[in-house]
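Over in TrEMBL, the protein carries these features:
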type	residues	note
DOMAIN	2-440	domain 'Bicarbonate transporter-like transmembrane'
TRANSMEM	12-31	transmembrane segment
TRANSMEM	43-61	transmembrane segment
TRANSMEM	123-141	transmembrane segment
TRANSMEM	161-179	transmembrane segment
TRANSMEM	211-230	transmembrane segment
TRANSMEM	250-275	transmembrane segment
TRANSMEM	309-330	transmembrane segment
TRANSMEM	337-356	transmembrane segment
TRANSMEM	380-399	transmembrane segment
Amino acid sequence: DFKFSYLEFRLWIGIWTAVLLLALVVFNLSFLVRYITRFTEDCFASLVAIIFIIDAVRETFDIRKRYPVNYHPDVPLDYNCSCIFPSNSAYNDSDEFNRTECVKLGGSLVGSGCLTPKYYSDIFFFSVLLFFFTFIICLTLKEFRNTKFLPMKIRTTISDFAVLIAIILMSCWDLYLGLATPKLVVPSEFKPTRPHDRGWIVPFYTGKNPWWTIPLAILPALIGTILIFMDQQVTAVIINRKEFKLKKKLGYHLDLFVLAITIFICSLLGLPWFVAATVLSLTHVNALKIISDNTAPGERPKFEGILEQRISCLLMSILIGLSVFFTKILRFIPIPVLYGVFLFMGVIALRGMQVFDRVLIFFMPSKYQPDHPYLRHVTIWRVHLFTGIQILSLAGMFVVKSVKMIAIAFPLLVLATCFIRKLMDYIFTQEELYWLDDILPGHNVGRVRRMTVVRNVNFSKDKNCNALITTNEKKQNENDAGLVENGLAKVRRLKMVEEDDSGEATLVVYLSLT
């Protein structure tokens with residue numbers, strides 16, 4: 001609208017973004033990730049997964065707009081339409097052109113059937129089949145690792161290459177039928193997308209944009225820096241969770257430094273910016289899980305950690321670079337197949353999040369609820385309250401992202417989830433937040449953990465605390481004695497009485513198995 005050169009303005013946005021990211025590294029501001037708790041992680045990661053799912057379904061069904069379906073086949077179709085050119089045109093009315101070519105060449109469409117669309121009876125429905133079959137094959141082969149068929153190594157290999165197998169099978173099916181389904185559009189030559197008005201390097205200043213657009217680019221760069229910082233660091237925090245049992249140290253500063261360099265290079269070349277993708281990163285980590293091989297009959301394999309190495313990332317980067325030479329093969333991949341992969345990645349990422357598990361608990365009677373640790377220490381209505389606040393935050397982020405007029409404020413809303421989490425300190429106790437989320441800096445995590453017991457069972461004060469033994473504890477003593485007699489374990493029970501703010505004594509029982 002303002003006749004600006006987009007690539008030149010974008011270059012300066014990328015330069016200022018790189019400068020701001022380097023400033024974050026120099027001033028050690030990555031320590032702010034301490035305030036990114038599971039509440040923010042799950043909100044952001046769930047949003048990305050939901051976007052993957054919604055966009056995949058929407059784009060698949062939008063194929064119907066390009067290849068419309070005739071839902072009234074009994075009604076005769078009127079295709080009476082002619083292309084009329086002006087008298088001074090180089091083309092004659094007798095020349096045969098389709099509607100798009102006629103309008104592009106300066107002609108006019110005349111006839112009662114010019115608005116009648118061309119219908120396709122099979123392309124849309126076959127695209128839907130490709131979409132769902134790709135998703136089902138990916139999900140089935142991914143879960144094949146946990147079945148009882150074939151040796152463990154074969155099951156693991158099939159599970160790791162589930163996406164590739166699904167893409168090959170569905171692409172071969174589409175090639176066999178020979179339908180004109182929409183295919184992946186890739187360039188046939190290695191050159192800039194618009195070679196007529198730009199080269200490989202975007203110039204810093206050509207005079208097309210006023211000089212004041214250079215300092216003006218700081219404003220969108222600031223918003224972009226917030227989004228990149230949150231996207232990169234939230235993904236890094238999710239990947240470095242304790243449950244993944246990673247051994248190598250963290251690299252938040254190094255990640256931002258490398259990111260700043262790549263953003264500058266990509267802006268100079270007019271390429272998209274690269275940042276850690278939450279769904280792709282979770283999929284990569286899940287593919288590198290190490291599962292125990294030696295298990296007792298009937299016992300499920302156990303998760304032992306992540307295979308930490310650099311080979312897989314290096315090979316992925318090399319293959320992405322070499323993909324420019326595979327364009328003749330990639331153009332045979334149907335677009336619905338890729339949408340099915342996106343749906344699979346979104347569903348897999350969503351299934352591994354605690355917020356998704358807590359949403360399912362809304363619809364479960366108490367006797368069917370899974371044995372999650374937070375359900376042992378937090379009453380169920382407080383769990384639902386925490387989940388409700390998280391869902392409202394997620395819904396707000398999704399609405400802001402979906403409305404184009406206010407979508408530029410999306411990075412600020414992602415940052416606002418950290419402040420919402422801080423306000424929750426006034427709604428929930430630290431013991432509840434310890435099990436539902438993470439404790440923010442400034443609180444003694446060890447003391448909070450010591451003060452938590454199963455559903456906070458309280459007893460009246462008594463001078464002789466050793467007499468405070470419940471029926472459940474007596475049953476546990478009998479079970480422990482049976483373990484010792486069978487030689488399976490030696491059980492030591494330690495009792496400690498702590499007082500809370502109300503003056504009541506709480507009995508805490510610790511079991512030590514050796």
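Keep in mind that glycine also has a Cβ here, set from the backbone N, Cα and C atoms.
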Message: Six or more residues beyond either end and a Cβ under 8 Å away: which residues meet both conditions relative to the transmembrane segment (337-356)?
response: 38, 42-43, 45-46, 48-53, 55-57, 59-60, 130-135, 138-139, 142, 163, 166-167, 170-171, 174, 184, 278-280, 282-283, 286, 387, 390-391, 394
Message: Cβ under 8 Å, sequence separation of at least 6 from the ends of the transmembrane segment (12-31): give me the contacting residues as numbers and ranges.
response: 204, 213-214, 217-218, 220-222, 224-225, 228-229, 233, 252-253, 256-257, 259-261, 263-264, 266-268, 273
Statement: If one takes Cβ-Cβ under 8 Å and requires six or more residues beyond its ends, the residues near the transmembrane segment (250-275) are 7, 10-11, 13-15, 17-19, 21-22, 24-25, 28, 30, 33, 192, 198, 200-202, 228-229, 231-233, 236, 240
Message: Given a Cβ distance threshold of under 8 angstroms, which distant residues of the chain, six or more beyond its ends, lie next to the transmembrane segment (43-61)?
response: 127-128, 131, 230-231, 234-235, 238, 277-279, 282, 335-336, 339-340, 342-343, 345-347, 349-350, 353, 355-356, 390, 393-394, 397-398, 401, 414, 417
